[in-house]
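The feature [2Fe-2S] cluster binding site is assigned by Swiss-Prot to Cys85, His87, Cys104, His107, with sequence analysis given as support. Sequence annotations record features per position, and here Swiss-Prot assigns Fe cation binding site to His210, His215 based on similarity to another entry. Residues or ranges marked as domain 'Rieske' in Swiss-Prot: 45-149.
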Amino acid sequence: MSKTIPIVDAQHAGSAYQHVPGHPDPQLSAVAKGTPTGEYLRRYWQPVALSADVTDRPQMVRILGEDLVLFRDKAGRPGLLYPRCMHRGTSLYYGHVEEAGIRCCYHGWLFAVDGTCLNQPCEPEGGLRREAARQPWYPVEERYGLVFAYMGPPEKKPVLPRYDILEDLEEGEFIEVISGGFVSYADHVEDPNVPYHWLQNWENIMDPYHVYILHSTFSGIQFAENFKILPRVDFEAVDGGVIYHAWRDLEDGRQLERINSALFPNISAIPMIDLSPGQGRWIGWHVAVDDQHYRGFFAARTRQPGNFAPIKMHNGKSWTELSEQEKQDFPGDFEAQFGQGRVTLHGEEHLATSDHGIALLRRQMKQQIAIVQQGGDPAGVHFNEADALVRIRSGNFYTTSDKTETAAD
């Protein structure tokens with residue numbers, strides 16, 4: 001006996017009753033150790049804190065789904081350790097930091113920043129077998145005012161990259177860094193861990209069309225007046241990431257070319273949103289805290305502080321000054337991205353031609369994930385200093401009839 005298949009007439013097509021909820025892409029959503037994306041992200045150095053925030057007071061940090069204790073010993077060396085003491089499991093968050101490392105509050109076992117157990121005061125001769133009680137640890141290095149950790153296979157540890165726009169500072173220049181907040185130009189938030197998936201924020205870098213709608217027409221002018229011009233866009237897969245060129249024909253006869261970059265595994269390079277001309281001067285890292293949170297770290301080359309001051313989103317108010325009704329009426333990046341859910345349901349998406357950059361970035365990222373799964377080294381990972389300088393491509397460039405404007409301080 002054949003099964004009767006109900007026919008839905010046009011009047012009832014699209015009923016929510018018939019909707020089958022989608023699901024996140026499992027290859028992209030999970031960041032824990034052993035997952036495809038988790039192992040991919042662990043092959044790169046990840047910022048975990050501002051250098052200035054790492055002191056001799058232990059602090060808990062959560063990165064890539066792991067809870068860890070971060071501190072700086074009295075000799076000035078940062079350390080990142082598994083928090084449960086290898087003696088009987090007490091948290092090293094309650095430890096005291098000394099010249100050589102961190103001492104557990106319970107029975108006084110002392111661990112160096114590389115996890116070596118240096119002293120067991122209740123044991124004969126300070127612990128005859130203390131070398132067997134090594135505390136799990138991750139290597140850390142400091143650069144650009146940030147503390148970076150490598151959380152991948154030890155035998156695959158790359159050199160810490162350098163970025164050309166943050167190198168060879170001229171007299172009077174310095175690097176300004178911040179952490180937290182859902183986007184570099186918005187308010188800092190009390191909890192630096194933003195409550196949704198890191199990829200929802202990072203892939204936004206390759207979506208120039210949302211700037212035309214969300215930031216320029218739907219919610220009024222949130223950035224610069226010329227963003228309300230619909231651009232012509234070209235996306236390009238490059239070694240180490242994806243970039244786009246967006247061209248706008250301005251009313252004064254000039255043409256504006258804007259270049260954004262998304263670099264593996266989670267780096268963004270965006271020029272000034274006031275559209276001032278010249279090479280971009282800052283980069284950001286969109287670091288996965290876990291599957292449902294991320295944290296931003298940003299570094300800017302500058303001569304003046306205040307590069308990350310909050311913008312005025314509406315009626316002269318910054319984001320934290322807006323009421324909930326104003327955020328509903330004039331949403332920005334946080335509302336659009338958090339509105340997708342803690343982890344978006346990729347299975348429900350209907351990507352269109354304007355999503356070419358998103359599709360390209362995801363496809364390129366999946367290729368890098370596959371390389372890691374096959375035992376290879378993903379793009380942007382290098383094992384000698386000579387190859388570790390990364391060229392950043394971003395900027396606002398104005399073309400006139402006789403020249404291109406490129407410089408701005």
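Counting starts with 1 at the first residue shown.
Glycine is treated like the rest: Cβ placed from N, Cα and C.
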Three-class DSSP secondary structure - Cys85 ([2Fe-2S] cluster binding site): coil
All-chain count of other Cβ atoms within 10 Å of His107 ([2Fe-2S] cluster binding site): 14
Distance, Cys104 ([2Fe-2S] cluster binding site) to His210 (Fe cation binding site) (CA atoms, angstrom): 50
Environment of Cys85, His87, Cys104, His107, the listed [2Fe-2S] cluster site - residues of the same chain whose CB lies within 8 A of the CB centroid: Met86, Arg88, Thr90, Cys105, Tyr106, Gly108, Trp109
Same chain, 6+ residues apart, C-beta under 8 Å of the C-beta of Cys85 ([2Fe-2S] cluster binding site), given in sequence order: Ser91, Leu92, Gly95, Cys104, Tyr106, Trp109, Phe111, Gln135
Between His87 ([2Fe-2S] cluster binding site) and His215 (Fe cation binding site), the C-alpha gap once rounded to whole angstrom: 54
Largest tally of Cβ atoms lying within 10 Å of a Cβ, found at which of the binding-site residues His87, His210, His215: His215
Local confidence of the domain 'Rieske' (45-149) - pLDDT mean: 98
Rounded to the nearest Å - Cα separation of His107 ([2Fe-2S] cluster binding site) and His215 (Fe cation binding site): 56
Number of Cβ atoms other than its own within 10 Å, given for Cys104 ([2Fe-2S] cluster binding site): 24
Secondary structure composition of the domain 'Rieske' (45-149) [DSSP: H/G/I, E/B, coil]: 12 helix, 43 strand, 50 coil
Secondary structure at His215 (Fe cation binding site), reduced by DSSP to three states: helix
